[in-house]
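Got a structure for you, written out below as structure tokens; questions coming shortly.
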């Protein structure tokens, strides 16, 4: 009986390893944690650098201001003096005595202290030059993850073709765990930069291997679209939780707390991967995948990759610049800097799950075209906001539209490989991740410099117009033609693939044998 009792858990584990749904769960959790770490730093880094570095500048300038005061008035180092006229008597906070300016004594009753409005206004605009420079530095820090991912992605795609997807997924978990711990205990800009770059390596392994694993597990085009929508829902949920979670934890607990929580969740993800994926098992693809260089020459893959890049570039530009713009123009507290991204995250979660299925019915090309147009319009509306409430509508529209584009383009990438190349998915999803990362590399790195040169509103106008101008190119994905050598394979082995996109004209142009006439009549 003991052997039978001990056999049941292992039997459940073996059944779980054969389940496609558990593979989807593993990819969902990996993308969730990756994007939680991606966005949890968005509200933390600008305020952390401002607090640590700008405070140091102020404390070094404090002795020079103290020398200008009379020797009798020795104010505490953290006091502030509010003086609007030369002869006004004011009370210094933290001190029990009044100080008379000029030849007056302190015998008269102290003047009523100023209201909270002037200090808040001055603190809102304080360090404007430092904030302008910080736009560039924070943008480069955020972009470092995507830049590293750009370099690593092609190598990971090639690696998955040789050894399979399981081992790269576990390597991604290990690197992400180390990056999370480094974020928790980094106290300087340099260490934060290294942690962000290390995250890019781990994210490359997790994203490319995870999406490729889903594409190879779900071979049916409709099921693949649904699975991709659910997996991207994990990405959306990570973005949804990350920024608000980081801002609240940083405000009320401390800087290290959100990263330590993520490190604990990463350990649970690693245990799940050990149970389900067997990362010690090498399982190379049965056929050789199409080289990246060949895929990059396919104009339809380039159009799909461009849609991913430009639609995500808008929110990538918002990540480093919107919190600082809110600090300058809205005087927003720390917790609002992350909450501003909450509408975009919620709507992205809704969009990816809704259009994972709906896009296949309405046409993925049309869904992407509408999504890119809405992205552009939403970005044009962001600078019109006067407070955090004014950001709800534009950010919600932005997240929903990006969800439309992502949930349409990811299945299209797999479909284009099935239709026009060899059905091995590591390289094509490496290209998709490269496109995604280019948006998150170009966006933050150039966004800070553009804001410093022409201002935040013009940055939003430029990227919004770019998305609207690119949207019509999605029309070319309406009916991509199949390569000649793939048409016979699709008509014999995968006749369902022709339901998503019309390729009947191409089929009619080819000489058909007697066995193929029946299939041609069915298609017509």
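Glycine too: its Cβ is placed from the backbone N, Cα and C atoms.
So TrEMBL lists these for the protein:
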type     : residues : note
TRANSMEM : 21-45    : transmembrane segment
DOMAIN   : 72-482   : domain 'Major facilitator superfamily (MFS) profile'
REGION   : 101-123  : region 'Disordered'
TRANSMEM : 163-185  : transmembrane segment
TRANSMEM : 191-215  : transmembrane segment
TRANSMEM : 227-247  : transmembrane segment
TRANSMEM : 300-318  : transmembrane segment
TRANSMEM : 338-358  : transmembrane segment
TRANSMEM : 365-385  : transmembrane segment
TRANSMEM : 397-417  : transmembrane segment
TRANSMEM : 424-443  : transmembrane segment
TRANSMEM : 455-477  : transmembrane segment
Apart from its near flanks, which chain residues at least 6 from the ends of the transmembrane segment (227-247) lie with a Cβ under 8 angstroms of it?
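Same-chain residues near the transmembrane segment (227-247) but 6 or more away: 20, 24, 27-44, 210-211, 214, 217-218, 258, 334-342, 344-346, 348-349, 351-353, 355-357, 399, 403, 406-407, 410-411, 414.
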Output the single range from 21-45, 338-358, 365-385, 397-417 maximising the number of Cβ pairs under 8 Å to the transmembrane segment (424-443).
397-417
Under 8 Å, at least three CB pairs between the transmembrane segment (21-45) and the transmembrane segment (455-477) (pairs 6 or more apart)?
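No, these stretches are not in contact.
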Cβ under 8 Å to the transmembrane segment (365-385), counting only same-chain residues 6 or more beyond its ends: which ones?
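Result: 307, 310-311, 314, 318, 322, 355, 358-359, 391, 393-395, 397-398, 400-405, 407-409, 412, 456-457, 460-461, 463-468, 470-472, 474-478.
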In the same chain, which residue numbers or ranges, 6 or more beyond the ends of the transmembrane segment (191-215), come under 8 angstroms Cβ to Cβ?
23-24, 26-27, 30-31, 34, 37-38, 41, 45, 140-142, 144-149, 152-153, 156-157, 160, 165-166, 168-169, 171-176, 178-180, 182-183, 224, 227-228, 231, 410, 414, 425-426, 429-430, 432-433, 436-437
Counting only residues 6+ away from its ends, which parts of the chain sit with a Cβ under 8 Å from the transmembrane segment (455-477)?
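Contacts with the transmembrane segment (455-477): 299-300, 303-304, 306-307, 310-311, 313-314, 317, 321, 325, 364-366, 368-370, 372-373, 375-380, 382-383, 412, 443, 447.
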